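In what follows, a single structure is set out as structure tokens and then discussed.
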Amino acid sequence: MILSLDSIEVRYGQAVAVDRVSLGVGAGKWVLVMGPNGAGKSSLLRAAIGLVKHRGRITFEGRDLSAEPTWIRQRLGIGYVPEGRQLFTEMTVEENLRVGGYGCSAPALRRGLDLAYGMFPRLAERRGQIASTMSGGEQQMLAMARALMIEPKLLLVDEISWGLSPILVAQVFATLVELHAGGIAILQVEQNAFEALKHAQSALVMSAGRLVLEGAADEIARDRRVVESYIGA
Amino acid sequence: MTFPLFLQLLTNGLVVGALLAIVALGVALIFGVVRVVNFAHGEFVTLGAFATYLVVTQLNISPLLGIPLAFVLGAAVGAGIQAAIVSRAAGRPELDVLMVTYALSIIGLGIFSSAFSGDFRSYSEGPSGIFTLGSVVIGLRSLTVLLVCLIVGVGTILVVQRTRIGLALRALAQSRDSAAACGINVPAAELFAFALAVGLAAAAGALVSLIGTIHPRVGHDLVLDAFVVVVLGGMGSIGGAVLAAIAIGIVNAFTSFALDDSWARILTYCLLYATLLLRPHGLLGRHVGA
């Protein structure tokens, strides 16, 4: 396992958002967490990157990250593509990427930029453009490229199809497939799970903060309860 | 009003505006990056003023050397206060943090008042004489202030806009979570911002001691205008703060001449009110989300 979450609990005041959830992501594997709005999926990812206080143990490549701040977790090789993209909207495309590679040495930063522009030629054309003036699809590309600057071993992806047209969703998934083929492990949270189930190896279903179902993605995709509740006919 | 008088008032306003800009830059930096309204900022100006006064009168050091000394002292004190006090209040309700900086301000005022009494002090060391440019008379001290403010202001803006640490500060100001998830050591960046801002305040204090009389409330009075400037320019907007500072400085100079100081203050707040009616996020401000 490259990432192990062991009995993770997240509370906001009295409310329990994530209730003792455990899961593992194998090296190079693609794991999908699905479930309705408010199930605690995003909180689980935010706990993994350290943006919310949590109980339970998080290990990454055998190292206990539970007490490490977010920036250390990122520099160890965890990329995070947040829900709603959360770009630095007043910065240019290139500045966003430079922040993404903030912890990189100068040559690594150069390599990261080359990789990002190679993967997303559209961003190369727009490197001087202010992020907030780009289309939703371009902004999502930028959010992914920013997370890839450190050449992460694991990518945390939160509601990546948020606000995108079906064509753009297909493009974004094509990018994830390419990254996965290149050896990056993916832990994806997605409400709209139909597309994601085609690519993931395993899937988990969360409801009201708890893990209610887990299994191989193709099995989950055939489960009638799941289809009715979370995928839609 | 004659043209030479107009130019003279404009010049005087520019000197005050430049000082105000340096103080306001620090307030904007702390608000934008650390998300704290630093009520104690004026006391750091006073710290720089008294520190310069002491090195000039006790150690016979040139006040020009006092400016970088004040900056370094301010940065060190600022770093200490951020690390030991302000950062510990982080994550608590906003009002708690406000009370912390307000308390620092009151403590600072108390320390200066008991150490230096309420006397007005000044010194005559350093650049002296006047400089005439056509019909405009400008003291060499005022000219020094203007030049130093220009260098310090441009330097600060370059640090924010062009350096790696500046990139981190801007990222932090726009999205804290994203900055952390991009590998930015948030507490370290906040420490840098606070230290830089307090260093600027203390350097401004050194300049204040050069052109005026100093007393325990000297920074406190100046910082009221600096807060107006920061709101006027758009909270956290550095360009807006500089623009607003110079505007307020010039408006003050003209109103003080035509009416008096209290009218200058009234007009300042009217200007703030009118600007916020027309541009709720300030001159160059944009709406900033959580």
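Just so it is clear, glycine is given a Cβ too, placed from its N, Cα and C backbone atoms.
Since we're looking at a predicted model, the values are computed, not measured.
Remote same-chain residues near the transmembrane segment (B:14-37) are listed as 44-45, 82, 86, 97-98, 101, 142, 145-146, 149-150, 152-153, 156, 160, 169, 172-173, 176, 189-190, 193-194, 196-198, 200-201, 203-204, 207-208, 211, 222-223, 225-227, 229-230, 233, 235-238, 241-242, 244-250, 252-253 (criterion: CB distance under 8 Å, separation of at least six residues from the stretch ends). For B:14-37 (among others), the entry in TrEMBL reads transmembrane segment.
The transmembrane segment annotation in TrEMBL covers B:44-61 (among others).
The annotation transmembrane segment is assigned in TrEMBL to B:67-85 (among others). Within its own chain, the transmembrane segment (B:67-85) has Cβ neighbours under 8 Å at 34, 40, 44, 47-49, 51-52, 55, 61, 100, 104, 148, 190-191, 194-203, 205-207, counting only residues six or more beyond its boundaries.
Among the features that TrEMBL reports, transmembrane segment is placed at B:97-116 (among others).
Per TrEMBL, transmembrane segment is recorded for B:136-160 (among others).
According to TrEMBL, the feature transmembrane segment maps to B:191-214 (among others).
Residues 9-10, 12-21, 23-25, 27-29, 31-32, 41-42, 153, 156-157, 160, 173, 264, 267-269, 271-272, 275-276, 279, 281-286, 288 of the same chain lie 6 or more positions beyond the ends of the transmembrane segment (B:226-254) yet place their CB under 8 Å from a CB of it. Annotated transmembrane segment per TrEMBL: B:226-254 (among others), in sequence order.
Annotation source TrEMBL lists transmembrane segment at B:266-284 (among others).
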Check: Near the transmembrane segment (B:97-116), which same-chain residues lie under 8 Å Cβ to Cβ, leaving out any that are not at least 6 residues past its ends?
Finding: 36-40, 42-44, 46-47, 50, 81, 85-86, 89-90, 215-217, 220
Check: By Cβ distance under 8 Å, which residues at least 6 away from the ends of the transmembrane segment (B:266-284) in the same chain are close to it?
Finding: 225, 228, 231-235, 237, 239-240, 243-244, 247-248, 251-252, 255
